[in-house]
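According to TrEMBL, the protein carries these features:
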- 6-23: transmembrane segment (TRANSMEM)
- 35-54: transmembrane segment (TRANSMEM)
- 60-79: transmembrane segment (TRANSMEM)
- 99-118: transmembrane segment (TRANSMEM)
- 124-144: transmembrane segment (TRANSMEM)
- 151-172: transmembrane segment (TRANSMEM)
- 178-198: transmembrane segment (TRANSMEM)
Amino acid sequence: MVDQLQQGIVIISFLLPVTALYIQGQAFPVPSIKGIGIQSSVVALLSTVLGIVYKQEDLLVLGGIIILTRSLLTPMVLLRVAKFRNWEREKIRGITSTFVLNTVFFFSASLVITFLVLSRVFPGVNVVEISVPFILFFQGMFLIASRKSTVAHILGYVELENALVALGIFLIPPPLLIDVTVFLDVLALVVISSIVIVEKREHEPMEELMG
């Protein structure tokens, strides 16, 4: 039973870098924003499952907060404020090569982080589980560094937040104070992101697919 539970947690966890790869490979803002909502839902699912298994109310509260703020509120605000249409896309070159580079980076980071770093730093912890948040963190940094769009940068920062929360779930059960802090941080991120998008949207190179 314990082995099956650990396998289920690992499967859920690996959905996080998969969604990050999907976001990295998207040139259209709308699917990318929806993708970050799905990624946040995976973090909420992970927190909820662990909260039910270990009977920790703080993890259940954290899962509910993530669903409300990052899965629903953040994508809704970004889509409504930016007012992107489905056929608008970032005017960037080499999206395929960037996606391939991120894929190679993903597998390389997985091997290095899992077998060389975490196995020595956390000898008594399941290395496979805690390696996923670190991989997601580096993917968020790569998204910020490889794209020039303001929206992509915002999504990268949300990925960083998701990675930190996922890491906290595995290492330290978050108390309610941390839950409230996450809630306030996400609200501040949404407000700042909305202002930045409104100010910079006219300067971002976008192109429409007409057909």
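Placement of Cβ uses the backbone N, Cα and C atoms for every residue, glycine included.
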* Any chance you could find the range in 6-23, 60-79, 124-144 with the most Cβ pairs under 8 Å to the transmembrane segment (35-54)? => 60-79
* Go through the chain and flag residues at least 6 beyond the ends of the transmembrane segment (6-23) whose CB is under 8 A from any CB in it; none is fine as an answer. => 31-32, 35-36, 38-39, 42-43, 45-46, 49-50, 99, 102-103, 106, 126, 128-129, 132-133, 135-136, 139-140, 143, 155, 159, 162-163, 166
